[in-house]
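According to Swiss-Prot:
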BINDING   Met46, Gly193  substrate binding site
BINDING   Arg120, Thr166  ATP binding site
Amino acid sequence: MLTPSSIADCWHSLRQQRPLVHVVPNLVTANDLANALLAVGAAPIMAIEPAEFSQLPNRALVLSMGTPTIDRMQLLAQAGRAAQAKNLPIVLDPVGVGATVWRKQAALALIATVQPTILRLNLGEALALLDQTGVAHGVDVGHAWHDPRLVAGQLARRYGCVVGLTGVIDVVSDGMNWIQLEHGHQWLSQITGAGCIVTSLIGALAAVINDVMLATVSAIAGFGMAAEVAAMHALGPASFRVALFDQLGAIAELIDNSRLSYRMEQHDAD
């Protein structure tokens, strides 16, 4: 059963176990992801040499498509295959997948190769993977006329994974059930890398929690709560960013002392 205590327990387990999380980052947010993982108690390694991949004692893999090139997509695929061989959870963030036809085709090929355990993305990116939108401008394009709960469920069923869809409304789905989370702050859309940070936190929790649905929900809920508290101590997006990193290290305590706001239901049959 989903409760504040079950989510807080995930974060306590993370800090106790301090798992090594392998992140193949994009060129924009690598430093943010490393610092976020350190803040919550994980141990990040941002290895990009394929010869190392099979040798790393990592317990999860996080892949970011944010700055794709042909060589970089091959690198992501190699990291994914190494994680598959070790039976590790793989979290994929198909950043800006709707921006160009090339990027979308590259993302689809990567998904087919690595078969991610979890996809973390926004609504516009999800629609691109479902072929329900054309080329998008930017990575945070919204589509208000689509129900994110239905989109998340469709995506989860199509690719056989858990989907963490973040934005104005956060939804997590395994294709059968969906959980809508109601935490966060508008300033998250005004700083670079918020979504990428959530992706890395999902990877950290999936490293210590076998229930990947719970790990994804816990990461998104905890990050949203941290953002809410950070906003109380900030004057604007710049100071909010600093305050957010301060709060990441206290997520378990925030959840213990906060009201978890969520809805959970089963998807209707198609």
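Residue 1 is the first one shown; counting continues down the chain.
Placed from the backbone N, Cα and C atoms, the Cβ positions cover glycine too.
Taking the Cβ of Gly193 (substrate binding site) as reference, residues of its chain lying under 8 Å away and at least six apart in sequence are, in sequence order, Val28, Thr29, Asp32, Leu33.
For the pair formed by Met46 (substrate binding site) and Thr166 (ATP binding site), distance between Cα atoms is given as 24 Å, rounded to the nearest Å.
Classification of Arg120 (ATP binding site) by DSSP places it within a strand.
Using a 10 Å Cβ-Cβ cutoff, Met46 (substrate binding site) registers 15 neighbours. Counting every protein chain shown, 30 other Cβ atoms lie within 10 Å of the Cβ of Arg120 (ATP binding site). The Cβ neighbour count for Thr166 (ATP binding site), using a 10 Å radius and every protein chain shown, is 25.
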